[in-house]
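Structure first, commentary second.
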Amino acid sequence: MIPVLLIVIPLLSGLAAFFLKGEKGVKTWALLSTVITLAVSLLGLTVLNKAANLHTEVEWLPLLGSKFSVGLDGMGQVLCLLTAVAFPMIFVATWNSSYKNAHNFYAFMLLSQAGLMGVFLAYDALLFYFFWELALIPAYFLCSQWGGEKRIAVTFKFFIYTFIGSLLMLVGIIYLYLHTPDQSFALESFYKAVLTSKEQGWIFWLFFIAFAIKMPVFPFHTWQPDTYEQSPTAVTMVLSGVMVKMGLFGVLRWLAPVLPMATWLNGDTVALLCVIGMIYASLIAMQQDDLKRLIAYSSIAHMGLMCMAIFVTSDQGLQGVMIQMFNHGINIIGMWIVVELIERQMHTRKISELGGLAQKAPGLAIMLVVVALANVALPLTNAFIGEFLLFSGVFNSTVSKVGYVFAAAGGVTIILSAVYTLNMIQRVFFGNTNTLTGAMRDIKFNERFVLGVLVIVILVIGVYPRPFLELTQGSVDTILSRMIIKHPS
Amino acid sequence: MYSTLLAFDWLFLIEKLVLIVGIVSISLVIAMYETWAERKVAAFMQDRRGPNRAGPMGLLQPLADGLKLFMKEEIIPNTSNRMLFILGPCLAMLAAMMTSAVIPWGGKIDFFGREVNLQIADINIGILYIFAVVSMGVFGIMIGGWASNNKFSLMAALRGASQAISYELPMGLSLIALLMLTGSLKMSAIVGQQLDGTWNVVYQPLGFLIFLICAFAECNRTPFDLPEAENELNFGYHQEYSSMKLGFYLFAEYINMFISSAVMATLYFGGYDIPGVNDAHLTETVGVNLMALFQALTLFAKIGFFIFLFMWVRWTIPRFRYDQLMNLGWKKLVPLALANMIITAAVVLWLKK
Amino acid sequence: MNAIVISAIWGVVMMFSGIFSKNNTVIRGTALTGLALLILVNILEMNGVLLFKVNLHGMLYFDSFNLLFNTIAFGSTFLYAILSGRDMEKVGRSVSDYFALIFFILCGVAISSSFNTLLMLFLGIEIMSIPLYILTGTDKRNLKSNEASLKYFLMGSFSTGLMLMGITLIYGAKGSFNLETISLGTGALTPMVSAGLLLLLFSMSFKVSAAPFHFWTPDVYDGAPTVFTSFMATIIKSAAFIAFLRLFDDAFGEMHPHWQLVVSIVTAATLLIGNITAVFQQSVKRMLAYSSIAQAGFMMFALVALNNLGRQGLIFYTAAYSVATIGVFAVLIKMKDYTFEGFNGLAKRQPVLAATTAIFLLSLAGIPGTAGFMAKFYMLAAAVSNGHVMWLVIVGVLCAAISVYYYFRVIQAMYFKEGDAQEMEVSSIFKALLVIMAAIVVLLGLFPQWLLDKLNYFF
Amino acid sequence: MNIEYYIVLSIALFCIGIAGVLTRRNAIIIFMCIELMLNAVNLLLVAFSKMHHLKGVAANPNAGIDGQLFVFFIMVVAAAEVSVGLAIIVMMYRNVHSVDVNFLNRLKH
Amino acid sequence: MYLLQVSSVAQNPDNSFWYFPIGLQLLFAIVFVGAMMGVTHWLGPKRNTADKLENFASGIKSHGDARQPMAIKYFLVAILFVLFDVEVIFFYPYAVNFRALDWDGFWAVLMFVGFFLCGFIYIIKKGALTWED
C-alpha cells in the first residue's frame, strides 16, 4: 500500500496541478502534496513498517511477464525518504521564487517526484524503465522551460545523453528478460537469469553506461555541469540531490546483483574511471568562479567516490554508499539552497563578484558553513559517517587487489574538496563587502527553517547514524549475498 | 526447331510467297480502282459522268493518278521532324498491307496434288490479329500529323486518332458477341461454320450494324471523315504531304476500306460461302479448283457490295459534328454493344440447357 | 474477404456520391459510414461471420493476424478521416473522388495483407500504389505536387517492374505463385531463386522506403498535399510492411539465414540515413518524411528477426506509429508555415494542440508511457531474441536516441521558444479528437494488454 | 526452344529497360522503358508458363496456366499505370512545358 | 514428288510456325513500301525554295510552333480507351470459353460488366466525354 501511495500521490497531484490556477494556490497544493508524501514515507518507516504494507504486486502485462510490482526495502526506504524529504524542502526554500506558468512548473516537479519514487520502488525491470524515463521527461521540460539562457541546447544535451543511456539499458533489460527462466521482468527472475560470462560482460556495459551517465561517472559526465548551471535552482536540487542517486541505486539493485561476475571482473576498470573522474572533477572545481559549476563538479567527485565503493565492494563499503546517498542528497540540497538565496538577491553566482556576505547575512553564513563542512565530511557531520565507511570499505576491498590505491586517490579528492569548499566559503562570506554584496539582506523565515532542518538532519545523522545503518543492513546483506554467492570461488 | 535449312519446306515458302504477292497486288489494284469507282459512284449519284477521258470509261484514270503522284516533288517542311515525317505514311501503308494476311479468300485448291489454302496465315487468333494491325494504322496518322508540325495536321491527327480508338471499343465488343456464337478466333473456322449453316448476320444483326458503323469510322469514311474535313482543317492530317507519301495515305485508306469489307463479309456474311448452294455437294461436281474460284468470286462480289455501300453512304449522308461522333461512339454504341453481348451470352446459355 | 468486397463497393459508392451530391458534408458522412462499416464487417469476420461465400482457390488467406491488421488500418483511416477529412476540401474540388481512391487503397491494403499467392501480392500492392500516384498529384496547380506525383509514379512503377521480375524468376524456379509451394524445399538457393529473392527484396524495400531505396520518399512526402502525406506515411506504409513480412516469412522463411544479413544491412542503413538526415531538415513536413524512413527501419526489425515477437510487434508498431503520425500530421495540416519556426510558441496559443502534438512526438520517439515505447520495445525484443543481430540492436538504439533530437525540436519550438504562432482555425471537435487520440496513444503505452491479448489470440 | 533463350532475351530486355530508366531524362522515355521492363517480364512469364506446362501436363492438364493468367493481370495493371502515368506527365507538361526529369528539383533543398 | 507432299508444318494448326507467313508478308510489305518511297524520291523533281518548305496554312502566316498543349479532351479519350480496351480484352477469353463456364461464368461476367458500367457511367457523369464546352 505504502509504495503505491508514494507513487500515486505525487503523480495525481502533479497531473492535477496542470489545471490549477493562481501561483499561490499551486505552490500550496504542491507543498501539501509533498508533505503528505513525506508523511506516508515516514509512516512506512515507523508505524506501518510491516511486510504486508511494503509490497504491492498487480498484474500489468501478463503476456510479457511484467507486473506492477513495487516494494520498499531498506535501500528503497532510504532513498524514498530522501525523495520525500527533498521535495518539500525545495518547495519551501524556493517559496519566494516566482515562476512563469507556475502551475506547469509545479506539476512537472511533482511528476518527476513520482518518477523518482517509482524508480526506487520498482521491483520489475520494465516498470523500472518506465519510471526511469518518467523521471527524466519532467526534468527535461523543467530545465528547458525555466532554465538559464542557454537552457535549450544544454538541456537537450542532458536529455540525449540520458536517453541514449537508458535505451542501452533497455536493450540489456530485454536481453536479460529473454534469458530469464520464466520470461519475466521480475527482479527475482533477473537474479536467476542464466548467462555466460561473455554475455554478462557486455550487458554489464549496457547497464553501466546508463547508470554512469546518470551519476555521472567520468567520461559520461560532460552534460552535468552545464545542466546544473542552466537549470533553475529548484530543479538543480532535484537533479543533483535525488536524481543522480538513480544511477547508484540502479547499480546497486539492477547491476551488481544481477550480473555479479561482470561486476567483479569490471570492478577495477570502473573504479579507475571513478578515480580519474574524482580527481579531474576536483581539480576543475578548484578553478571555478561560478558557484553552481563548483558545486556541480564537487558532486561529480562525490558520486565517483560512491560508485567506486560499490564496485570494489565490501560490507562496509555498501553500507557507506547507502547512507552516503542520503547524506549527499541532503548536503547538496543545502548547498544549492544557499546558492539560490545568494543568486536571488545578488543576481550573480560569480565568486569573484561576491564577498563579505557573512557580515550582512550571518544566519545564512552559519548554515552554509555547516552544510559545507558536511560536504567535506568533517567528523560529526553525516557525510563523515558515510565517507568513513566508504573509505574503509574500499581500503579493505576483497575484490580489488589495488583497493588501497583507490582509497588513497579518494583521500586526495577529499582534501581537494576541502580546499575548494573552504576557499569558496572564504571568498564568498568573508573579506570585505563590495557594492553589490552590500545590499544583501539576511534570509527569511522559511529559508531559515529549511536550512535549519537540514542542519539538524546533518548533525543528527553525524552523531547517531545507527537507525540508518540498521535500516540498510538488510539490503546490504541481500546484495552482497547475490554478489558473493555468484562469485567464482 | 529445325536443325538444318535443308529440312525446311521450301515449297511451303514458295506457295506462301505467291499467295502474298497475289493477294497484296489484288488489294492494291482494287484500291486503285476504288478511287475510280468512287468518282464514278459520286458522279452517278450527282448525275454527272465522272472520269471518262483516260481510257474507256476513264478506266486508266487511276494509273494516271498513280503516275502523277510518283512524279511529284517531295516536300518535307523544314520545321518538321524528318524521320517521323517519312515514317508516318510508311506505317499507314504497312498496316494496311498487313491486314489481308488472315482472311480466307476461298476454299482449298489442288495444285498438282498439293493442297493449297487460299489464306496466307490461318492463325488461331485471326480476329485479334486484325485488331492489332488495324490499330497500328492509328500510329501512321498520329505520327504523320505530329511530324508535320502544322496545327491543322496535328488537329486532324488528334481527331483521327481519338476517333479510331473510340470506335475500336464498340467494335471489339460487338465482335465478342460474334465470338460467343463461333467459339473460335480463327477466321477459317468462322467461315467454316457459316459454309453450310446460317450466316452470322442472322444471329447478330445488331452486332453487324455496330461493326459496320465502326468500320466506317475506322476507315475515316464519311460520315466520319472528320480528320479530313476540308472546311475545317484544310486537308487533314496529310496536308503537308506530297508525292507518293500522300499517295500512301490515300492508298492506305482505300485498302482499309477493301479489307474491312472483306472482314465484314467474312465474319457476318459467310465469307466465301456461295449462298443457296450446298458447298460440299458442289465441290464434288465441279472439282476443287473450280469451286475455289467460285468461292473467291463470291467473296469478291460481297466485298464489292460493301465497297459500294461505303461509297453510297459517303455521297448521301452528311458529315457528323465531332461531338456527335464521339457521343455516338461512346454513349450509344458502347452500351448497345455491351447489351448485345450480354443478351447473346444469356440466350446461348439458355438455349443450351 | 468482407472488407475487400465492401471497400471496393464503397469506393464505387463514393465515386457516385460526388455526382449525386455537391455537399461535402454529405460526402464526408458517406465516407465515414463506409469506414465504420468496413471496421464492422472486419470485426464480424474476425468472429467468423463471412458475408460473402467466394471460392478463393487459395489465392487469399485470412487469419486473425491480417484481420487484426486490417482492423487497425481501417481504424486509423477512420481516425484520419474524422481528423483531416475536412482538410481535403482545401486540396481540390473532387472530395468524393479522393475518398473513393482512399477506399480503393483500403481494398488494396486488405488484399496485400492477406495474399497467399504472389499474384495477389502484386495486385494488392498495385491497387494501393496507383490511387496513391493520383492522390499525390491532386494539387494540380502546385508544381511541387506535380513533381512529387511524377517522381512517385516513375519510382513506383520502376519498383513494380523489379518486383514482377522477381516474381517471375521465383515462378520459373518453383513453378507456382503460391506461397506454400514456394516455401517448400530445402531452402537451398539456386541462382534464379536468389535473383528473384533479391529483386523482391529491392522492390519491397522501395515500397516501404527502406534505404537505399528510400530516395523518393522525402520528395514525395514533401510535395504531396499534406492531407495525403499523412495517409501515405501511415496506413500505406504499414500495409506494405505487413505484405513485406508475410512474403518473406511465409514464402522465404526457410531461407531466412541466407537473407538475414542483407536485410539487416538494409535495416541499419535505413535507420542511419533516416535518422541522420532528419536531423538536418528545416521543414517539419520533410522531417516527418525522413522520420518515417527511420521508423521504417524499426519496422524492418520484425523482418530481420522473423519470430513471433516481431510479428506481434509489427502489428503493434503499425498501430502506434499510425495513430501518432496521423495526429502530428493533423496538426501540421492546420499550420501555414511548415518550418520548425512555425511551431514557435504554439503552446501559448493552442495549448491543447501543443500538448497532444507533444504526446504524439513522444510516442514517435519511443518514450515510455506511450504506445511508441511498447512498439519499439517489441521490435528490440524481437531482434534480441533472434540473437544474431545484436549489432543491429545497438545501431537501432543509437538511432532512436538520434530521433529524439528532431522530434524534440518541435517540442522545444512549441514550448520553449517565443514566437507568434500562426492563426489557425481549430474547432473544438478537432481538439477533442486530438485529445482522444493522445489518450489512445497513452493508454496503448500504459496498458498495451488490450492489443496484446488480441495479438496473443493467434500466436 | 530451350528456356534459356527466353531467359536471356527477357533479361536483356529487362536490363535495357533498367538502363533506360536510370540514364534517360525524358519522363516519357523513362516510362516507356518501364513498360519495356514489364513486357520483358510478360515474355518470360509466358515462357515459364509453357515450360511448366510441358513439364507437368501429364499430371495436370492445367499445369503452368497460372503464368499466363498472371500476364493478363500485368497487362491490366500496366494499362492502369499507363493511364495514370500519362495523366501525370501531361499535367506536369502543362505546368512546366517540359517532361525532362532534370527539371524536377523544386523539392530539393 | 516428295516435295509436293503437304508438309507436316502446314498440317499442324497450333504450331507457331504458322506465323511465319505473316513475317513473310511483313517483309514483303516493308520492301514494297521502301521501294515505292525510293522510286518516288528518285522520280520526283527537287526544286526546293524557302517558301515551299514553310508550313502550309492556307496562305495565312503561321504562328509559332504547332507542338503546344492541345485540348485535354483528346488525351482523355486516349486514356479512357486504354482502360476500357483492356477491360474489353478480358471478354475475349470469356467469349471463347463461356459455354464451358456456364451460368457461373455468366454471373461473374455480369458482375464484371457491372463494374465496367459503373466506370462508364462515372466518366459520363463526370463529363469526361462532353465535347460541347
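Note that the numbers count up from 1, one per residue, in the order the chain is shown.
The backbone N, Cα and C atoms fix where each Cβ goes, and this holds for glycine too.
Look at TrEMBL and you will find B:12-33 (among others) tagged as transmembrane segment.
Only residues 6 or more beyond the boundaries of the transmembrane segment (B:84-106), in the same chain, are considered here, and those with a CB under 8 A from a CB of the stretch are 20, 23-24, 27, 76-77, 117-123, 126, 129-130, 133-134, 136-137, 139-148, 187-188, 191, 238, 240-241, 244-246, 248-249, 251-253, 255-256, 259, 262-263, 266, 271-272, 292-293, 295-296, 299. Here TrEMBL flags B:84-106 (among others) as transmembrane segment.
Annotation source TrEMBL lists transmembrane segment at B:126-148 (among others).
Only residues 6 or more beyond the boundaries of the transmembrane segment (B:169-191), in the same chain, are considered here, and those with a CB under 8 A from a CB of the stretch are 102-104, 117, 119, 122-128, 131, 200, 203-204, 206-208, 210-211, 213-215, 218, 266-268, 270-273, 329-330, 333-334, 336-338, 340-341, 344-345, 348. Per TrEMBL, the feature transmembrane segment maps to B:169-191 (among others).
Here the transmembrane segment (B:197-217) has long-range neighbours at 163-164, 166-168, 170-171, 173-175, 177-178, 181-182, 190, 223-224, 260, 263-264, 267-270, 273, 310, 313, 325, 328-329, 333, 336-337, 340, 344, meaning same-chain residues at least 6 beyond its ends whose C-beta is under 8 angstroms from one of its own. If you look up TrEMBL, you'll see B:197-217 (among others) marked as transmembrane segment.
Annotation comment: TrEMBL describes B:248-270 (among others) as transmembrane segment. Sequence-distant contacts of the transmembrane segment (B:248-270) (same chain, at least 6 residues past either end, Cβ-Cβ under 8 Å): 27-28, 30-32, 34-35, 89-90, 92-93, 95-97, 99-100, 103-104, 127, 130, 134, 137, 140, 144, 175, 178, 187, 190-191, 194-195, 199-201, 204, 207-208, 211-212, 215, 218-221, 237-238, 241, 299, 302-307, 310.
Annotation source TrEMBL lists transmembrane segment at B:290-313 (among others). Here the transmembrane segment (B:290-313) has Cβ contacts under 8 Å with residues 34, 37-38, 41-42, 45, 105-109, 118, 216, 219, 221-223, 257-258, 260-262, 264-266, 269, 271-275, 279, 282-283 of the same chain, all six or more residues outside its ends.
TrEMBL lists B:333-351 (among others) with the feature transmembrane segment.
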